Number of protein chains: 6
Amino acid sequence: MGFPGAVAEREHADYAVVGAPLDVSTTFQPGARFGPEQIRRFAASYDDYDRRTDQQFSELGVHDAGDVRAWDDAPEYLEFLGGSLADLVRDDVTPLLLGGEHTVTAAGVRATDPDVLVVLDAHLDLREAYDGNPWSHAAVTRRALDGDPEDEPLATIDGIADRAVILGARTGSEAEWERAERDDVTVVPPEDVSEWTPDLAEESVYLSVDIDAADPSVAPGTGTMEPFGLSAREIRDVVRQVAPNAVGFDAVEVNDRDDGQAAALAGKLLKEFVFAHADPDH
Amino acid sequence: MGFPGAVAEREHADYAVVGAPLDVSTTFQPGARFGPEQIRRFAASYDDYDRRTDQQFSELGVHDAGDVRAWDDAPEYLEFLGGSLADLVRDDVTPLLLGGEHTVTAAGVRATDPDVLVVLDAHLDLREAYDGNPWSHAAVTRRALDGDPEDEPLATIDGIADRAVILGARTGSEAEWERAERDDVTVVPPEDVSEWTPDLAEESVYLSVDIDAADPSVAPGTGTMEPFGLSAREIRDVVRQVAPNAVGFDAVEVNDRDDGQAAALAGKLLKEFVFAHADPDH
Amino acid sequence: MGFPGAVAEREHADYAVVGAPLDVSTTFQPGARFGPEQIRRFAASYDDYDRRTDQQFSELGVHDAGDVRAWDDAPEYLEFLGGSLADLVRDDVTPLLLGGEHTVTAAGVRATDPDVLVVLDAHLDLREAYDGNPWSHAAVTRRALDGDPEDEPLATIDGIADRAVILGARTGSEAEWERAERDDVTVVPPEDVSEWTPDLAEESVYLSVDIDAADPSVAPGTGTMEPFGLSAREIRDVVRQVAPNAVGFDAVEVNDRDDGQAAALAGKLLKEFVFAHADPDH
Amino acid sequence: MGFPGAVAEREHADYAVVGAPLDVSTTFQPGARFGPEQIRRFAASYDDYDRRTDQQFSELGVHDAGDVRAWDDAPEYLEFLGGSLADLVRDDVTPLLLGGEHTVTAAGVRATDPDVLVVLDAHLDLREAYDGNPWSHAAVTRRALDGDPEDEPLATIDGIADRAVILGARTGSEAEWERAERDDVTVVPPEDVSEWTPDLAEESVYLSVDIDAADPSVAPGTGTMEPFGLSAREIRDVVRQVAPNAVGFDAVEVNDRDDGQAAALAGKLLKEFVFAHADPDH
Amino acid sequence: MGFPGAVAEREHADYAVVGAPLDVSTTFQPGARFGPEQIRRFAASYDDYDRRTDQQFSELGVHDAGDVRAWDDAPEYLEFLGGSLADLVRDDVTPLLLGGEHTVTAAGVRATDPDVLVVLDAHLDLREAYDGNPWSHAAVTRRALDGDPEDEPLATIDGIADRAVILGARTGSEAEWERAERDDVTVVPPEDVSEWTPDLAEESVYLSVDIDAADPSVAPGTGTMEPFGLSAREIRDVVRQVAPNAVGFDAVEVNDRDDGQAAALAGKLLKEFVFAHADPDH
Amino acid sequence: MGFPGAVAEREHADYAVVGAPLDVSTTFQPGARFGPEQIRRFAASYDDYDRRTDQQFSELGVHDAGDVRAWDDAPEYLEFLGGSLADLVRDDVTPLLLGGEHTVTAAGVRATDPDVLVVLDAHLDLREAYDGNPWSHAAVTRRALDGDPEDEPLATIDGIADRAVILGARTGSEAEWERAERDDVTVVPPEDVSEWTPDLAEESVYLSVDIDAADPSVAPGTGTMEPFGLSAREIRDVVRQVAPNAVGFDAVEVNDRDDGQAAALAGKLLKEFVFAHADPDH
Ligand SMILES: [Mn+2]
Ligand SMILES: [Mn+2]
Ligand SMILES: [Mn+2]
Ligand SMILES: [Mn+2]
Ligand SMILES: [Mn+2]
Ligand SMILES: [Mn+2]
Ligand SMILES: [Mn+2]
Ligand SMILES: [Mn+2]
Ligand SMILES: [Mn+2]
Ligand SMILES: [Mn+2]
Ligand SMILES: [Mn+2]
Ligand SMILES: [Mn+2]
């Protein structure tokens, strides 16, 4: 069951939905492996037509490439997934990744090599490693900035972001907050997101939505709920603003442990991304 | 199990709760058939007394007429249900309909023949037909405005609204948005609802609450969640403002697929409607 | 499984988490007995470090004393629980009570004998009795103000609050609203909570969070959802402001009937309380 | 929503369904208060006609008397409930009680004063008291045999069984097993139930089905699952055999914490009871 | 996401999985529309290899043709679906239909025109019509035997079964039981299914598994649970015995309202069918 | 919350409950990490007293050692866990391991070095590796027989079983079935388990219960349901028979995705194991 409206063939596609059901390092509530399936399912009832941009989703060249089946060796999987995404990028297809745990963003960044990583997340994800694992979801923004760990580098793809903007972040370890004070990181607390506007100029952006950026009332079906988060509209407005500069997008950390709220939001945001990216003047 | 506090006998009633568990055209998540039961159940813990209007619900003449059992022929059912509601209206009893899918609003409008249909809904519901079905929930506001389809008219009751105000609408097909531009339709997007005030003068109103007008965080238990919706308080304030002019009320599209949030809200709104209707000067 | 980060031994503790799984008078949805367990479980993914106050939770002297197993004689249980809490207070340990139904607050108030009871609650809880039961959750704030019922006094502990501030209250019986008009009660409706600031001077406070103060979208897993409630941030801000004056804290009425939202919020509020209490200058 | 097919008026009834949603002493998983509602709901899809006895349920004079609303003082409630049931018995109406916790059987036995209590139960329920409570569900069979506790007798009704047969029992305290060895108790372990035949002669019987007699696979929605229990058919066959001698029936300990299995079984057993009782020669 | 192991291309296929998510006439618990998706999902963990027949499922030429999207006009849908299945049959591909409500079997029978319909079902499904609807799931076996209703015939396909064997049936209306006594119907009650052996000689069979044939403990996720049903092994043994003669297969009435048990069983039975059909000598 | 009745101190213990919430290689439905918590929770309602052996569980010297917190490097974790278990064994304490995924059995076998591994399992678990992972749950019985993989050996503990008896197995890859034909493996299919009696003489046994050995109706809350499994009583009888020879026990693959059935069974089997082990003459 492909993403609704993703009716383009691969060879004519401008966008490609790719499921990445990795679910090995989830710290608390597992189930991110069912994210791609849930997101596709709960997008079933959305209208094809978008009033704001006066576009039909099904006419925007979105292809659903299915899932890249995951196994439990994260670095190996990231390499493989990153390779698939790089193939898309080479053909000028913008990847729309559906996680899976946040770790999969590493593959997206590798493949798109953006100037900036804009990430919506309750967490800084700036750890050097978590429980000794440098490829944990809790270290993914660090990986995107600082690259491979010494002892477990990926082999073939090596895109990296020059800086990161983390929107909605409200928690992290002391060490993460220290890393966040370096020049290449901007943290926008949840209370300030509604007033944030991007200052991107010509920079290319990879946009990653960790669904736990949202308040748990908005997206309870995620691995680690963190109270005091963003409203759905706040996230949407960030997506609309950033999309025109974006070279890649993902929505991650959705699981099947709520009544569909997290998945419904993630699928909607994917559509908002495509509408705004396809019509940047709106 | 009647609606809590609905203790009036039919012959002394000013209001009548009527369950209408129709659930045939639901596009995505079914279960609207359990709406009336869920709403009654989750209203069990509400206080009888309303501080704002200084009234006891149980003293306001609300009768619970039970459910009008549904079957799978929607037009037939609407005729039958509309007849029951017309009987109430004839006796000056204000109907309080609990859906079931939104389609049942057609019966409410037929029976009350209002000047205006005020509808809270994420969707325009202005389709000519959906999957060939003119009696789909997705066409109900169109039916209320434009009347019966040529080939499948209802036989005996024919009330209709002169105009419709759709509050909280955020999605529709291109054709629906075009129909919405005609003079007899006003669309208030979710962002503007909190500032909306009714301009109803002497007009009579039928007030329909499709629970999906609310944000999915507020009412996840509904057939087609649509993000970026209304808060519970925004809906409540519309109900309070419109109730004094109302000749009928419904709350629809509640199902049993959440933890009671949608039903709890719908039952509360019914009570707010009655309190405001019974004491219009407040 | 102790509360995450509550690693202090009893003899070196400044705070003690105490589970109080009483669940006998819950009017509607039972399950408050699983509150302590749920809250501990959903606190598992929170960072130890708090950026705002620059403190580690695990360094603040929090001990987890486990649960005081409940049985179905509420007054007997309250005496026993109150005794346990009084032991803590005697040793200058601030009790952090996890309910269980709201009734357990009576034990907290007995043990800490505060000047003021600040309670976040959708309900006034000012009944003389509920269904003839003076020790119902719906009468707990009344008990805290007016003391024991004539025929069923507790024997050994008798702390009481001189006044009560009820934040977020939006419903009650007519008699409760009348009682609320007396000088010793302040009611702050949900719409005004964000602007409320405590006027506590030197007064000692017992802070009780009935999770149903939150909007049902925020905390669906509670015994009696009441729409139109507080946001998580509004509750958090009250906790932060009141904590410096507090001699005791509880979070009650969390059950296991949602997807963890209510428990996640309650656990987070407990941590916010400790951070703010330990660093009152922040 | 009455029990499906229970269409007789009270004055022409031979049977009366009575809901008794008591839920105070449930030791583990609460929710028995929702038993009557769940059982009526899940009986909705059963055929009216019974092939075995060639009878229509709706023609057998079953009245649904609704629920006797419960509060949290069990002995008071039992008196009140017992009085209601005694009224039925006086009019030659056989009570069909839907629990609620097992405690409500005490009211059924009081009202019908049977020679024998036949009870299907995983537990002996022969405690003198549980946590000091002689009116706990875990003491109900003891109460039915040995009558009121000294300090908390019921006032007005006092039927009692001369002996008890406990089918499917597989657990109890040591003291319960000792009480079970007295002459007035027969215990049939689960493994022997399929071969058991009643030896009742002229004795009148009150038949109580604690749904936890069934294996947890058959009825997970109950307060205290106990593995290694009965199949649905084994329970059905007991019901069919005992019904002809019965003066009362109940199905108890059903809650709302499964997907309807426990409720579906309880409703079916009620129907089997009526069919067999109405046509004892089959 | 195709059925696991269904890796054959359409043009080389011997079997084709076809989802038929019709869900309009479900009397009680809706959700059969999610059956195909649930069944594919819960088949994910099954081994490809079958020890009994020493075959790999993925080598048996099974193609997954996806779903034939449903709408709410059942006769129209049946025609369309039947046409799709007839195309398969014409190419010697055995259809493996996944419901959806039982009504879809009508399309399977039309397309395959079998001598015998062997159906596992709790219900006779022999009604002339249900609530006036001759295309209700409760009338599907009647349709398969007696053909179209006078006023609503299907237009283009008209296969029919000469006789029906209904295994596990335990309920029906009086009229259905009478129809069942005619020569062309054999009813095998649940208690006798384990001893039943087919007497099919050269007859071709369409095998339909209504998952409610199973006991509710085995398959709670179905529209109308009926206690006292078959074990999973009893159903499996029927499937194995009948498959060699079969020209078509379906598994229907699975919904998403349990924890996957019904779907897991249905997917396994599909595999058992294919293994037994492909290796009839086992 | 310790295992109910596990009240012995470590230094006086004969048995120790150890939670091992590893959950990384689960192929399908994750959540085994919540197994230890669920099992302890659902054991809360079991009687302390066992009639069959006339023993109180709380008098049998069972200590609850809590959980050995897991991380996502399975071999590292197994070493650490194995070390903890070896400490117990050295002190003549019989380990009672609660999984977590089946992989943790490897640690139990290492620590106890049994002659025979008796395992109840739907699956053979005899793979050389799964998705390249030799420490997958699907390879655990192979590890117990054939020891460490060449490239990823555990360092410090190296117990191994001389042979394995796999009861209830009904599926595996072709290679697994071939491995199962070697002399050191006995496979007892589900249909034959009820007649199986151990032939253990003086051999020491490690007994592992993969809860998926049970039929999905009995234990739906497990990672990979496999239909046609064992009844709860069949599993219980194996446990009783094997316990007297056992040097270790585990119950694994329980998750939180059902209504407690799997956990309730696992907790009961642990108690049955202890009762039978402590009183081998029964
Ligand atoms: Mn993240
Ligand atoms: Mn995050
Ligand atoms: Mn609508
Ligand atoms: Mn809508
Ligand atoms: Mn309260
Ligand atoms: Mn409250
Ligand atoms: Mn009982
Ligand atoms: Mn029992
Ligand atoms: Mn059927
Ligand atoms: Mn059926
Ligand atoms: Mn295993
Ligand atoms: Mn297994």
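Note that Cβ sites are derived from N, Cα and C of the backbone, with glycine treated the same way.
DSSP assigns D:Asp121 (Mn(2+) binding site) to coil, not to a helix or a strand. The Cβ neighbour count for D:Asp121 (Mn(2+) binding site), using a 10 Å radius over every protein chain in view, is 28. Feature annotation from TrEMBL assigns Mn(2+) binding site to D:His102, D:Asp121, D:His123, D:Asp125, D:Asp210, D:Asp212.
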Excluding D:His102, D:Asp121, D:His123, D:Asp125, D:Asp210, D:Asp212, which residues of the same chain place their Cβ within 8 Å of the centroid of the Cβ atoms of the recorded Mn(2+) site?
D:Val119, D:Ala122, D:His137, D:Ala138, D:Val140, D:Thr141, D:Ala213, D:Val252, D:Glu253
Under a three-state reading of DSSP, tell me whether D:Asp210 (Mn(2+) binding site) is helix, strand or coil.
strand
Inside 10 Å of the Cβ of D:Asp212 (Mn(2+) binding site), count up the other Cβ atoms and send me the figure.
29
I'd like to know which of these binding-site residues, D:Asp125, D:Asp210, is least surrounded, judged by other CB atoms within 10 A.
D:Asp125
Enter the number of other CB atoms within 10 angstroms of the CB of D:His123 (Mn(2+) binding site).
28
Measuring CB to CB from D:His102 (Mn(2+) binding site), give everything in the same chain under 8 Å that is also at least six residues away in sequence.
D:Asp121, D:Asp125, D:His137, D:Ala138, D:Val140, D:Ser208, D:Asp210, D:Val252, D:Glu253
